[in-house]
Amino acid sequence: MTRSRAALLALLTMVALSPTATAHADEGPEQIVNGTFDTGTAPWWGTPNVTLATDEGRLCTDVPGGTANPWDVIIGQDDIPLVAGETYAYAFSASATPAKVGRALIQFPVDPYTQYLSAAPELSVSGNDYSYTFTAPVSLPNAQVVFQVGGSAEPWRFCMDDVSLKGGAEPEVYEPDTGPRVRVNMVGYLPTGPKKATVVTTETAALDWELKNAGKETVANGRTTPRGVDASSGQNTHTLDFSSYKKPGEGYTLTADGETSRPFDIAADIYDELPADALKFYYTQRSGIEIRDDLRPGYGRPAGHAGAAPNQGDVSVPCQPGVCDYSLNVKGGWYDAGDHGKYVVNGGISVHQLMAAYERDKAAFEDGQLNIPESGNGTPDVLDEARWEQEFLLSMQVPDGEPHAGMAHHKIHDQNWTGLPLLPHLDPQLRELHPPSTAATLNLAATAAQAARLFAPYDPAFAARTLKAARKAWAAAKADPERYADPNDGIGGGAYNDGDVSDEFYWAAAELFITTGEKEFKEFVLASPHHTGDIWRERGFDWGNTAQLGRLELATVPNAIPDRARVRQSVTEGAEKYLAIQRGHAYGLPYNPPDFDWGSNNLVLNNMVVMATAYDLTGQEKYRAAVREGMDYILGRNALNQSYVTGYGEVASKNQHSRWYARQLDPELPNPPRGTLAGGPNSAIQDPVAQRLLQGCEPQFCYIDDIESWATNELTINWNSPLAWVSAFLADKGERSDCRVRYTAHGSWPGGFNGQVVIENTGKRTVDGWSLRWSFLSGQRVREGWGATLSQSGSVVTARSLSWNDKIKPGRSVTFGFVGTNASGPNPVPEVFHLNGDRCK
Ligand code: 9MR
């Protein structure tokens, strides 16, 4: 804030004023957020032709010359609440070099932009203070304060400070209702898993705790472990461990320090529905297709952006001016989040994680599981859902013959941000393709290469098309490796800029290598710094940090990279890092930076993906236990005592920022569907609601379940994707089984191969009747077998014992074999075998 300058009173009113009204307004609460620019320029925004910066505690910007209208250059703040009949005092200081006349408006935020206050301050080089009063003629939660400074032939410099709008209702003093001080996973605990809770208390010595069943009988008790002050919440905490109690039941509670937790279950099936719910989310995020109410009661809506007015997309979308001179049909795909934008880099990681969840255990995903229009077509629904996005990603590729052919456009979205609520089919904005980027191109290469191997058994033509697109994208990215998305291209859609795409290169090379086995990709992988570096960031991985995806793929999907053992080992090193963070955390969080990131819940879940993968690779129980404990945080064992997954737990997020699940704004609309993850605590609280209510928040408290809090409470396709992956892991009931499988491909010839499989019983009990399951990498097929009855669905093969070999005594083995049909690309030896549903060690 700068020193006050000589006052100049300019008075303008919409409604006649009295001195009393002015005095009253002056005393009212402040409605502007960060009008003193002490904390940077947020949440102030500017039109794309200006860059906002602070200069000696003021907001300053260089206004370009050559614009025609005042509104060609705007600086503003959104979401200012006005109350009808209330009188407000509006004040600011400003300067212009050289002197200019500006326009100061308080207005309705969208067309017709009704002005409640309109002033034309004469701005001088030395600067002046201005003040006005007006009475609001309407109530609205989201008026705009704007400065229109366009219309000058010459460039000039504008600065402002001490922007203040006083009056109206007292801002709500926000005190989150955090319920009982004993914090649990409100959904429940697995009988054999860890069972921990966190107690918030002023006590520093250990406390007694009791576990009670639904009948209020005490079934276990013990003493808490004091943990001191937890930095992520500012709370003094104890942990409480009741892991030794394993009896299934409903309605358990924990009591400690005179407080009783919310009820929870102990049951083996608590996560059974979550994988499908997390995946069903994608259908109602679809663009370009009607959402059928019979498939999603309450969520039916017309197709969005399918070429029907008032939509201006997405069947023939032009580029931003100067970017290209063609239009593309980019209909389809998923809407990114609560907005109507479609962004290739974010679509990439999302569709990848869905396919990766499938590839982890293909037998767990079936046709008909998700109740989508494609259910019943013989392909697992998760692949059908992934294809909906993959087809969109393919459509974003620059056509042959055009500049940057083979690259992918970074994104497609509205020309301007729209308000809430707005159903997709009602969006009237112009849609535009934004310039191609290397990052988007590599996301296309990576996911299309992955899709090629996964779709081969179901639709070889589509698999061939994706592989061709992946190769073309790879070549285009190699030829243009530093074409970055513009960080300032964030009007009407997110910027999704990323100034380092070496990690996207690594991920794409890894996928292409796994699918093709080719030397070029192998050499690229081996030469990449991401192949050997410590990529396990404490903050986790996300759309902008994708080396981890490549490493996880190379570790888990069979392939012939020479240092595979080291790659696998590196995943456990990452997992150890997250395990150590979790053990040091009183809420069992495997993520603990001093400030929480945008979408922190997805980073928490992605760290859990690394620990889960370490379990898959090693079978070490500590990693699986860590994932189970991590989920407790997401489902209620946290400072806010709430679940971040809609429909899961007694108190759960339900007002995530969305233009169509906008029930908080329009009771006719639904809440987000069951299984929707909220972004979660974000220390930077960039949106006005969070800035108004959460100033000074400790990390875990930087969250509010309000639809307008887009920085803490949005839903996105790339946040539900790790939720789907992790919940599929948690729902996996396969245990480690005492068996060893030796699989040998005996000779191969063009088009075919011989497989021999030996199952050894390494346990102490006779196996009586067996079925062995594995998956091929891609389109390989079993043709005929001996020593077992073989069947195949997609790439999942099941071999069942015959009457003469259905017993395997301890230390003994059985052998069977088959003739297989080969597919293009590598045919690696499968590494994961399930005997009677349990995974061989
Ligand atoms: O998830 C994105 C986060 O990592 C960025 O920090 C943030 C600001 O650029 O944008 C987030 O993505 C939003 C995107 O820009 C627009 N659609 C909604 C996304 C989630 O909030």
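Using N, Cα and C of the backbone, Cβ positions are placed for all residues, glycine too.
What TrEMBL says about a protein is an automatic prediction, not a curated fact.
Among the features that TrEMBL reports, active site is placed at His657, Asp705, Glu714. The compositional bias 'Polar residues' annotation in TrEMBL covers 232-242. The domain 'CBM2' annotation in TrEMBL covers 732-841. Per TrEMBL, the feature region 'Disordered' maps to 219-244. Among the features that TrEMBL reports, signal peptide is placed at 1-25.
Overlay of TrEMBL feature records on the structure.
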residue : record      : Cβ within 10 Å
His657  : active site : 27
Asp705  : active site : 20
Glu714  : active site : 24
Limited to the domain 'CBM2' (732-841), I'd like the whole-number average of pLDDT.
96
Assigned conformation of His657 (active site) - DSSP reduced to three states:
strand
For the active-site residues His657, Asp705, Glu714, which sit with their CB under 6 angstroms from an atom of ligand 1?
Glu714
Of the residues in the region 'Disordered' (219-244), how many are helix, strand and coil by DSSP?
0 helix, 18 strand, 8 coil
Can you tell me whether DSSP puts Glu714 (active site) in helix, strand or coil?
strand
Secondary structure content of the domain 'CBM2' (732-841), with strand meaning DSSP E or B:
3 helix, 62 strand, 45 coil
Quick check for the class: what is the C-alpha distance, in angstrom and rounded, between Glu714 (active site) and Asp705 (active site)?
9
Can you give me the Cα-Cα distance between His657 (active site) and Asp705 (active site) in Å, rounded to a whole number?
9
Translate the DSSP assignment of Asp705 (active site) into the three-state scheme.
coil
